[in-house]
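K.L.:
Take a look at this one; I'll ask things after.
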Amino acid sequence: MLNINFVNEESSTNQGLVVFIDEQLKLDSNLIGLDQQHHGLISKTIQNKLQFTGKYGQIKVIPSVIKSGEVRYLIIAGLGNEEKLTEAKIEELGGKILQHATGCKISTIGLKLTNRISRFTSQTFASLVASGAFLASYRFDKYRTTLKEAEKFAVESIEIFTDNSTETAKLFEIKKLIAEAVFFTRDISNEPSNIKTPQVYAERIVDILEPLGVDVDVIGEREMKNLGMGALLGVGQGSQNESKLVVMEYKGGSKDASTIALVGKGVIFDTGGISLKPSSNMHLMRYDMGGSAAVVGTIIAVAGQKLPINIVGVVGLVENMPSGNAQRPGDVVTTMSGQTAEVLNTDAEGRLVLADAVWYAQEKFKPKCVIDVATLTGAITVALGNTYAGCFSNNDELADKLIKVGEEVNEKLWRMPLHDEYDAMINSDIADMANIGNVPGAAGSCIAAHFIKRFIKDGVDWAHLDIAGVANSNKASALGPKGAVGYGVRLLEKFIKEYT
């Protein structure tokens, strides 16, 4: 794991040294001295705009021979227009620096920050750079037995010199804790589905949360049947692996404080059931539990900080498999709420899992606010691509706050519509509702949201986050490799911290 230290004295032993320069291409007094030590390499580089323009995110790595004859590397990072810098951009810059250092096989990095940059103190700026680098250091290669030497290389340490290392270290410690929660979310999402069965996943939740003071209850199929969870159980009945409902309760606030409930879809593997998916890219359905992973990761982050709030998490863990015992198109299930649902398509299973999970959360904990998170529909990816998750809500203030925080942490949300006409599209001739709409291909994400909305009680503020397009990526980003993104943890952690 990447080691990040904050120090009061500069070290001359680091292999790489990071220099920040904005689009004005001016050297302050500190950089002038450093430039002289390195034979004017910094000033020569920025004078040649074909090499370096100072635009945001531009990284230039230059080898330099110091007086001792040793080779050092100057890592010049562009800030662009300092007035346009945001916390998210600074974190991403930290990730880019780590990735370039890794590519150049630079094992130790030094970074000096003693001046305010734009509106950010040196301590805040340094902690954000460190956070981005730490997030970018994530790897999932536990099943690789033949890694090449280049693939094995990792930056060992980053040493950051600021004018108040103690304060900077405190700021980073919180960000590191949140990043480690993101790593859990990525890890469990990246795990192959033959490894992370509902039972194994539930055990991992217990192992990581109970030491943090979170009460965890793992409910099996017998108890779910007694509770009347016909919708969730119907999804999992085709699998030989028993479905689980995992309930997490963190009581950091006072007894009379309101509770927020997070509910996650945890379809461990989704074949589509009898309504079988095409085989192409079906392996990616191991990520169909990304919503549940985001919920667990958020509770790790909240409990790890010992935040003074009350929060519960409920995740339904199932496998949607075809078999002689699998749910059939046309089946009618009775949900925990007592409402019935006609299952017209067994591949619209996530909303069935959430129906019972959100109802359970409301019945047991009486939350003021429910936020469900799910890789729910392919339609949201058609609408928003891989840039935004969809946000549906019955409360404008709740939606606005979530969207604002999403912009701040670069886990973006786009408000999607709810309307009575969408709701009418899920009426069934033989049950209270159907699990798909009556107009093929129309408003798929909105239809799914309305299905869940029918299980939200009057007076409860609710938001549904459809993260199907952003939970995993087929390409690396500044903050991590391709695969599971860990989307939702930083968004929900900050929302909870600031607004509850």
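Positions of Cβ are set from backbone N, Cα and C atoms, glycine also.
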K.L.:
Given that Swiss-Prot annotates ASP347, GLU349 as binding Mn(2+) 1, state which candidate in ASP270, ASP400, ASP420, ASP423 belongs to that site as well.
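P.N.:
Between ASP270, ASP400, ASP420, ASP423, Swiss-Prot records just one in the Mn(2+) 1 site with ASP347, GLU349, namely ASP270.
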K.L.:
Among ASP288, ASP331, ASP372, which is the one Swiss-Prot gives for the Mn(2+) 2 site where LYS265, ASP270, GLU349 also bind?
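P.N.:
Looking through ASP288, ASP331, ASP372, the residue Swiss-Prot assigns to the Mn(2+) 2 site is ASP288.
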K.L.:
Which has the fewest other CB atoms in a 10 Å radius around its CB: LYS265, LYS277, ARG351, the listed recorded positions?
P.N.:
LYS277
K.L.:
Measuring Cα to Cα, how many angstrom lie between LYS277 (active site) and ASP347 (Mn(2+) 1 binding site)?
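P.N.:
Checking the Cα atoms of LYS277 (active site) and ASP347 (Mn(2+) 1 binding site) gives a distance of 8 Å.
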K.L.:
Near ASP347 (Mn(2+) 1 binding site), how many other Cβ atoms are within 10 Å of its Cβ?
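P.N.:
18, counting other Cβ atoms within 10 Å of ASP347 (Mn(2+) 1 binding site).
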K.L.:
Filter the binding-site residues LYS265, ASP270, ASP288 down to those whose C-alpha lies within 10 angstroms of the C-alpha of ASP347 (Mn(2+) 1 binding site); answer none if the list is empty.
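P.N.:
So the list is ASP270.
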K.L.:
Could you tell me the C-alpha distance between ASP270 (Mn(2+) 2 binding site) and ARG351 (active site) in angstrom, no decimals?
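P.N.:
Rounded to a whole number, the Cα-Cα distance is 13 Å.
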K.L.:
State the three-class DSSP label for LYS265 (Mn(2+) 2 binding site), counting H, G and I as helix, E and B as strand, and everything else as coil.
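P.N.:
DSSP call for LYS265 (Mn(2+) 2 binding site): strand.
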K.L.:
Can you name the residues of this chain that are 6 or more positions from ASP288 (Mn(2+) 2 binding site) yet have a C-beta less than 8 Å from its C-beta?
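P.N.:
Counting only residues 6 or more apart in sequence, the Cβ neighbours of ASP288 (Mn(2+) 2 binding site) under 8 Å are LYS265, VAL267, ILE268, PHE269, ASP270, GLY350, THR375.
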